[in-house]
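What Swiss-Prot says about this one:
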type: REGION; residues: 1-64; note: region 'Domain I'
type: REGION; residues: 65-142; note: region 'Domain II'
type: BINDING; residues: 78-85, 114-117, 119-120, R123; note: DNA binding site
type: REGION; residues: 143-155; note: region 'Flexible linker'
type: REGION; residues: 156-203; note: region 'Domain III'
Amino acid sequence: MIGRLRGIIIEKQPPLVLIEVGGVGYEVHMPMTCFYELPEAGQEAIVFTHFVVREDAQLLYGFNNKQERTLFKELIKTNGVGPKLALAILSGMSAQQFVNAVEREEVGALVKLPGIGKKTAERLIVEMKDRFKGLHGDLFTPAADLVLTSPASPATDDAEQEAVAALVALGYKPQEASRMVSKIARPDASSETLIREALRAAL
């Protein structure tokens, strides 16, 4: 239904971003690896989206390019993997990092992601490897994977709280999220920086 949005960023509350298109505000869930690349509030952004309809909600998931969206759609076809878990997977790893982990059968790397146990990791490897064979070889080499070090927004007083809330939204338990953030917290860090560093440290 809604495959692409081009509009002005109104608010960024990781992992959610509010984009205004033609006077309508769309709330979009984005993996943190994509969220890092968004421009600041007030600037224009283009987001490729996947629309999910549930009994209790209609949700938009957003990505910086079609390759990331394709990988997300393949992930949610896997038994036991829903949109929330797929979002967490692509927040902990970039698209290319995930593809590499699957191709190398790195179960140990996958089980470090929230919500991924050994059985789910093994199932992902088996099912996703088969799917990759039917896709173009360069499908999952998006440019976004090369720009994870882009500048984050200025630090705010509640950056740590925002970072903890984002990690909880991605599937980490509150106590675990707090511990992850406290390990890498520093006064001058923005919430996006804290989230990025906490996820990297977890892997």
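Backbone N, Cα and C atoms are what each Cβ position is placed from, and that goes for glycine too.
Shown here: features listed in Swiss-Prot, placed on the structure.
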residue : record           : Cβ contacts under 8 Å, 6 or more apart
T78     : DNA binding site : R123, L124, E127, M128
G80     : DNA binding site : T120, R123
G82     : DNA binding site : I76
K84     : DNA binding site : G115, G171
P114    : DNA binding site : A88, G92, L170, G171, Y172
I116    : DNA binding site : L85, I89, L110, L124
K119    : DNA binding site : none
Discussion item. Can you tell me whether DSSP puts T78 (DNA binding site) in helix, strand or coil?
Written reply: coil
Worksheet item: R123 (DNA binding site) has how many other Cβ neighbours within 10 Å of its own Cβ?
Response: 16
Worksheet item: What three-state class does DSSP give P114 (DNA binding site)?
Response: coil
Worksheet item: Reported in the order helix, strand, coil, what are the DSSP residue counts of the region 'Domain III' (156-203)?
Response: 34 helix, 0 strand, 14 coil
Worksheet item: What is the three-state DSSP composition of the region 'Domain II' (65-142), stated as helix, strand and coil residue counts?
Response: 49 helix, 0 strand, 29 coil
